[in-house]
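See structure below.
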């Protein structure tokens, strides 16, 4: 096998957004792909050159804006990243109040699931069409919603906008900063994103308690408008010469794999609706539920067949999915983000409904989870760079997640704070410890031209996991609560249907005294059943973790240095996967 030759400008000059930092650290060194990389990384074409081309950053820096001009572009992007992550988690502590306003306890899973579904469904497409979607539109609909379905639609549009804004931000970063500076800046962005995850529940609780939950979404409007105005007034350099608009439109439409999108999106929606309706709106054996689930399976099979025949032009190329490092990382992130969101949403319900916390205090009580996640996401990334091995972090983290969720499944209305704080720390630390491993594995073991495609796939799966887990958790919770209420109807003395059609925290106004104690026991049992999802997620991620491989990345460095490791909730992906066939080297 030969060697790969590429300069940092070769890697970063394409007009496609970047899902992660991939820059040259030593352009004077050659890399022996046979010796340095596992089988997956040997797929890149060779040009026979013995040395990496010389780095031209010194002469190219003059092409990029500097000083105030640079930060007038990068500043709004940094704030936009924070808002995207904040929007993902701000609903967790506001959701109980929203269900009370709309009398829609059974819809609570969709308040987060719709956002994740919109984000994942458009992930492979928004690299080229991100300018057509704006997170502000979804925020307007959410803030002005007068019904639960209207609110859910708004969340889905906001998720789609988040997907597009994230991809657009990465495009701008690559146009504004030279390659050697992109790692540091992306690290700052991702760090602020993690801060959004930590502050989201507290901010959502503060708005809900002191003003109205609608301000969780109104807040996006003035900030988003100011950011858009600022970006409109500054000149953003174009990294490449643009084709005429007619040619660009024709090429983009052909490469978007719109049919694939039109097959996978309804498949996901039908599957999630089947989970939503089963056992609550309709019996599991009803024609509606069976029809939705069967329709989802058929649409998904058609999607797979279409993607197979599309080859490298597919939205999710089979050639990439077949790589064990890719499907292992994708499976890992699918279950990890699902577990993280389930904990955040349903512990907020436990704190507000069972313990009677105010919204803002429920956000404070979630800090052991979010701080453990934030701190150990950054710490694990740094330690992996130093020690070289990511597999121990992945396996240890997944074990901690499973154990932490197992302990949380035993909570009762009178469980002491010291216990549920300790349980949260355990699975928060575990989630953070394992979150960097899939990204680092992809960045180090997949050949450079294929990294964007692999990243698009794993981030698509990650966001889809969040949607599936939240809706599945909603089904488990509502069905479990209904069963418990029916079993204790004599003690509670209230029709279970009345409780299910009220807000999730309305139970304290419906029943009181000893009847309330019995009702809260029913709520706690239903929440405990939801925690079983987290146990399963920890076990499955442990299995997927082995697929990442026992590799010392210090000995397998490709000609790119990854200095910023995305968090598990990073919403960005590479610009579409239609460019699968593109090659950065020649045979």
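Every residue, even glycine, has its Cβ placed from backbone N, Cα and C.
Listed in TrEMBL:
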type     : residues : note
COMPBIAS : 29-49    : compositional bias 'Basic and acidic residues'
DOMAIN   : 73-521   : domain 'Major facilitator superfamily (MFS) profile'
REGION   : 1-59     : region 'Disordered'
REGION   : 561-587  : region 'Disordered'
TRANSMEM : 73-95    : transmembrane segment
TRANSMEM : 156-177  : transmembrane segment
TRANSMEM : 183-203  : transmembrane segment
TRANSMEM : 215-236  : transmembrane segment
TRANSMEM : 256-275  : transmembrane segment
TRANSMEM : 287-306  : transmembrane segment
TRANSMEM : 326-351  : transmembrane segment
TRANSMEM : 363-384  : transmembrane segment
TRANSMEM : 390-408  : transmembrane segment
TRANSMEM : 420-441  : transmembrane segment
TRANSMEM : 453-477  : transmembrane segment
TRANSMEM : 530-551  : transmembrane segment
> Okay, the transmembrane segment (256-275) and the transmembrane segment (453-477): do they have at least three CB pairs under 8 Å, pairs separated by 6 or more?
Replying inline: yes
> Which residues, given as numbers and ranges, are at least 6 beyond the ends of the transmembrane segment (420-441) yet have a Cβ under 8 Å from it?
Replying inline: 20, 325, 328-330, 332-333, 336, 339-340, 343, 347, 365-366, 368-381, 384, 390-391, 393-401, 403-405, 407-408, 411, 455, 458, 534, 538, 541, 545, 548-549, 551, 553, 562, 565-568
> Are the transmembrane segment (287-306) and the transmembrane segment (73-95) near each other by the rule of at least 3 C-beta pairs under 8 angstroms (pairs 6 or more apart)?
Replying inline: no
> Can you name the far-off residues of the same chain, 6+ from the ends of the transmembrane segment (390-408), with a Cβ under 8 Å from a Cβ of it?
Replying inline: 332, 336, 339, 343, 347, 376, 380, 383-384, 419-420, 422-424, 426-438, 440-441, 528, 531-535, 537-539, 541-542, 545-546, 548-551, 553
>> Over the span of the domain 'Major facilitator superfamily (MFS) profile' (73-521), how high is the average pLDDT in this prediction?
In response: 75
